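Input: a single structure, listed below in structure tokens.
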Amino acid sequence: MRPPCRPSDTGNGGFVLVNALVIVAALAMLATLLLVRAEGGRARLQAGLEADQLTLALDAFEALALTRLARDTTPTDYPGDSWDSPAAEGATPLPLARGTVTGRISDLQGRFNINWLSDPGNQLAADTFDRLLRQLALPAQTAEAIRRFLRPGGPGNSPQERARWRRLDPPQDPVGGPVLSADQLSGIPGLPARSYDRLRPLITALPGSTRLNVNSAPPEVLAALLPHLPPAALARLITARRQQPFASVEAFLIAARLEAALADEEEADEGEEDPARLTPDHLSVSSAWFRTDSEARLERFSARRTAVLFRAASGQRPELIWQVTTRP
């Protein structure tokens with residue numbers, strides 16, 4: 001007699017094995033997910049720490065610039081002044097614990113203030129701007145486009161003009177008047193990028209009442225301001241300024257052969273002032289507005305910052321007006 005057959009458990013064993021493999025695979029996927037999320041969190045934490053360190057480095061250069069400007073107690077501002085030292089200019093990177101920071105301080109009052117053009121009655125600014133663009137071999141359309149952008153009310157209400165602005169990305173509807181930064185000119189339709197790049201180092205955007213610092217004005221700006229001076233006379237004036245900055249506006253006007261402007265100032269109460277005539281009220285030998293451009297590098301990370309500073313008087317600590325930080 002044959003013994004009874006025991007049922008085979010091969011099928012159950014295979015089922016258990018499949019379940020075990022599924023559980024192992026699920027656990028492996030879960031472990032991988034946790035590792036990925038942990039690595040992502042670590043990377044975000046590291047990036048946050050790097051960003052904080054870059055910000056602190058940029059803050060450090062900004063503090064250095066504020067200190068240098070506050071320590072300057074001289075009545076004039078010019079290239080090579082105490083605040084314009086090699087370290088402040090960024091000629092040599094300043095070492096940090098894990099990186100470097102470089103930067104420079106720029107005198108904004110030596111540049112042509114485009115917000116002068118927002119005043120329709122400022123004929124001196126309009127004429128000077130036209131001469132500046134001619135020196136740079138820029139077309140007259142460039143000056144007209146910038147003036148339309150800055151005039152009160154904006155570029156115009158014609159359908160064609162408004163359509164040009166609405167085709168921008170994003171669409172714009174400029175209202176005209178003074179601007180916060182000269183960088184805003186880069187978005188003007190019809191203004192070639194090459195023209196803007198040539199003009200940008202010579203212009204700034206400051207309050208309309210700001211005077212031009214003749215001690216820090218570039219030769220191009222001085223040439224546009226002093227059309228009566230022959231090139232040789234202008235070169236001698238710039239050389240004399242480099243050797244000894246002008247101590248007063250009166251000294252500059254005499255050197256620029258503008259003694260008549262001093263006489264006109266004394267007789268200003270006797271008649272109406274010519275809006276196209278240069279007067280001492282348009283000029284200065286010191287500056288209140290400065291700009292810092294700095295860059296911090298930390299291993300493979302970097303950040304840049306532009307800031308505008310206002311110093312009410314020589315020897316006072318400047319005030320931060322605005323700053324923009326960018327990270328590639």
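Along the chain as shown, residues are numbered 1 onward.
Keep in mind that glycine also has a Cβ here, set from the backbone N, Cα and C atoms.
Unlike curated entries, TrEMBL annotations are predicted automatically.
Annotated in TrEMBL:
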- 15-36: transmembrane segment (TRANSMEM)
- 75-95: region 'Disordered' (REGION)
- 110-207: domain 'T2SS protein K first SAM-like' (DOMAIN)
- 149-171: region 'Disordered' (REGION)
- 161-170: compositional bias 'Basic and acidic residues' (COMPBIAS)
- 212-260: domain 'T2SS protein K second SAM-like' (DOMAIN)
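Residue counts for the region 'Disordered' (149-171) by DSSP state, with H, G and I taken as helix and E and B as strand, are 10 helix, 0 strand, 13 coil. Remote same-chain residues near the region 'Disordered' (149-171) are listed as 114-115, 117-118, 120, 177-179, 185, 187-190 (criterion: CB distance under 8 Å, separation of at least six residues from the stretch ends).
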